[in-house]
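A.B. asks: The following block contains the structure, expressed as structure tokens.
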């Protein structure tokens, strides 16, 4: 019975050896050793053989003896960990709990949530969407002051204006009623141009400008809701509503070419035409020198009853000249045209009558600069300290001529208008304007000083025919 069991075990071992050799291609002796080492476990023996890269066909006797002993000493060695594939992190659901709740509630929660972007968002509903020039034009059309806010994204106080001040309903109401609100970033092109012109240094920055002249009236840096309302209320109490152009847009009409927009060639042509006209009227001017000298002492200004004294004539002569001008306006207009050409070509100092006609015949070029004599300027700014600070003004006339005059800073703007009118450019037909910033001086109050009008210490003033 025992012999029958031993033969069955040996036949089973032979079968395992044959399977091992068929799988691995090794010899029967190698298969026998591997099966003995693995306790007749065919799978483990094949794995061990393949992992070891194969074993020699006939191992030495010493290795054989070691292998024969190994089953007794290493029977407790555990099997290798089988290979398997698993996912370390399970995929998250496509929507979170909050998103699923919002979908179920129809987005009601999203309306209640206020993000940081909403808190610090600029006041789009208040802002003027355009450039600085269009904001000024809009302020003139709507008779509203121009409020400027320069934003620096690196300054948190500027962001607080968006969060606390501009979002307040009381602030919004007062801005909508009285101001054109223009906000721009400091590093933008418009912001850099504004900073360079108005010399901005501190942030946050809020200022109020007159849209007609571009003059800065007030400037604030630290504001909250209460202080802003107090400051704006005080400003409106002091300056009131802006009195400017009517809210109705002006009718478009054919506009003549202005002196500023004209090229040098066109200005030179205008000067040559004026010179030819002067030569043509030389004979008429020589006959009427005495009379035109008397009438040039005074001029009517803008339809008012005032007289503009240039050379200090007495009141009786002024009343007599006024009566003459009222009786024959067409004749007086002809005299004015003839008189106006003569002072532009005369030298600053008064000359003899015989030499005055010679100067009248000189051609007038664009490069000619006429300086105003102290005697004439004293007559215009009578009653003002002429020894104080001066304003250097370069006047450019429509005929291409230029005149440089010096007036005290405290002289009224009316004095400048009178001087231009004495040169033959009445206020009814001509206006004064500056180029940068482009503004019309004829729209300002004539009682303000040259310093308040922004013409100090020096400025170029253009005389242009009204449209």
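Positions of Cβ are set from backbone N, Cα and C atoms, glycine also.
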A.B. asks: Looking at phosphoserine as annotated by Swiss-Prot, pick the matching residue from 266, 304, 309, 364.
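C.D. replies: Record says 266.
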A.B. asks: With Swiss-Prot as the source, which of 57-77, 78-98, 99-119 is set down as region 'Disordered'?
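C.D. replies: That would be 57-77, the stretch labelled region 'Disordered' in Swiss-Prot.
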A.B. asks: Tell me which residue from 10, 131, 256 Swiss-Prot records as phosphoserine.
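C.D. replies: Record lookup, Swiss-Prot, feature phosphoserine, residue 256.
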A.B. asks: Can you dig through Swiss-Prot and tell me which residue of 328, 373 is labelled phosphoserine?
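C.D. replies: Candidates were 328, 373; Swiss-Prot attaches phosphoserine to 373.
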A.B. asks: Among 219-239, 240-260, 387-407, indicate the range for which Swiss-Prot gives the feature region 'Disordered'.
C.D. replies: 240-260
